[in-house]
Amino acid sequence: MTRCAVFGTGSWGTAFAMILADAGCEVTLWGRRQELVDAINATHVNPDYLPDTRLAETVRATTDPAEALAGAEFAVLAVPSQTLRQNLAAWAPLLGPDTVLVSLMKGIELGTAKRMSEVIQEVAKVGPERVAVVSGPNLALEIANRQPAASVVACTDELIAKRLQTACHTPYFRPYTNTDVVGCELGGAVKNVIGLAVGMADGMGLGDNTKATLMTRGLAEITRLGLTLGADPHTFAGLAGMGDLVATCSSPLSRNHTFGTNLGRGMTVEETIAATKQTAEGVKSCESVLDLARRHGVDMPIVAAVVDVVHHGRPTQEVLAGLMARSAKPERH
Ligand SMILES: NC(=O)C1=CN([C@@H]2O[C@H](COP(=O)(O)OP(=O)(O)OC[C@H]3O[C@@H](n4cnc5c(N)ncnc54)[C@H](OP(=O)(O)O)[C@@H]3O)[C@@H](O)[C@H]2O)C=CC1
Ligand SMILES: O=C(CO)COP(=O)(O)O
């Protein structure tokens, strides 16, 4: 039986543990709160994040990272992106020599503008072939209800991607392999920022033309950044690109979309943060994505507009007017 450790008892960590167990793996979930770990072990339910989902009995929870990692073939990381570096520094010495690290996270690190797989390689001192990424249109609540969905498992080493594909393949979760880690990670991180923008449009009462425009031009921004950083353009037309963008920008289940909607309705950033219980990665990562783009001379006007609203307090109406007033240009440039 394949052994997996999943770090993070939030919505996606728990749902992904469920997938792995349903696919036949033995899973240990690491959580930082003893009371939640005890509740999962006693009831096979995560009452704080997925109270309506029963986990297989092969899922155990612990607060001890060494226990979680014992004999693990895959160490799956599902904590908020900005906490990864500090958390992984504590876990890295406990990794087995061949353990593959799997990122479920969709963020870019503030300050360094690094992708999560880059942070993992740096902190765990492993090569790119030891790091995989899972990304796609995977709203945790839908997956937790075992609704059909597909995703991408990416690793520069295709054999590792195939091993992970097998480990998480169930009748309701269909993973495709890809070797374009850069494209998959950028697709996941930047769509959160575009989800914030589309949410704002929703909250302002704007219609489908505006939202389709933001999504399409958002995808153009993702692609432009990705091509500059060496990604494969096909990735952005796939599940980790357009697929995830569509899910996030259309769904009230998306925390980023909901965050944007609240801002568009006139709530302040502080009020919206206070109303948001789960991780909306785009709120912090809009700044690191813009930082990454500027380091590489890539123009990302929608991302910059989101940063203006979320971090510089500019009104959504004013920022949208600014986007519309940009100089006319060809669609492809
Ligand atoms: N939810 C989704 O639909 C999807 C999410 N993702 C990505 O997965 C990642 C995790 O998100 P998700 O599970 O949804 O987030 P949640 O907000 O649901 O859960 C966050 C988890 O991280 C823990 N946590 C928070 N802060 C820290 C910290 N400083 N150190 C250690 N653990 C911490 C929380 O613990 P506690 O409960 O104790 O606070 C909780 O277990 C994100 O990058 C997200 O973008 C990707 C695809 C789908
Ligand atoms: O990444 C996701 C779906 O694929 C989840 O999006 P949110 O983090 O906005 O909820």
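From the backbone N, Cα and C atoms, a Cβ is placed for every residue, glycine too.
Automated prediction, rather than curation, is the source of TrEMBL annotations.
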Given TrEMBL lists GLY8, THR9, GLY10, SER11, TRP12, GLY13, ARG255 for NAD(+), the same-site residue among ALA140, ALA144 = ALA140
Per TrEMBL, ARG255, ASN256 bind substrate; matching candidate in LYS106, LYS114 = LYS106
Among GLU67, GLU73, GLU281, indicate the single residue that TrEMBL lists for the NADPH site containing SER11, TRP12, ARG32, ARG33, TYR49, LYS106, ALA140, ARG255.
-> GLU281
Near ligand 1 by the Cβ criterion (under 6 Å), the binding-site residues from THR9, TRP12, LYS106, ARG255, GLU281 are THR9, TRP12, LYS106, GLU281
Which of these binding-site residues has the least crowded Cβ, counting other Cβ atoms within 10 Å: ARG32, LYS106, ARG255?
-> ARG32
Close to ALA140 (NAD(+) binding site), taking Cα pairs within 10 Å and only the binding-site residues LYS191, ASP244, SER254, GLU281, are SER254
Over the span of the domain 'Glycerol-3-phosphate dehydrogenase NAD-dependent C-terminal' (180-320), count residues by DSSP class, listing helix, strand and coil in order.
-> 108 helix, 0 strand, 33 coil
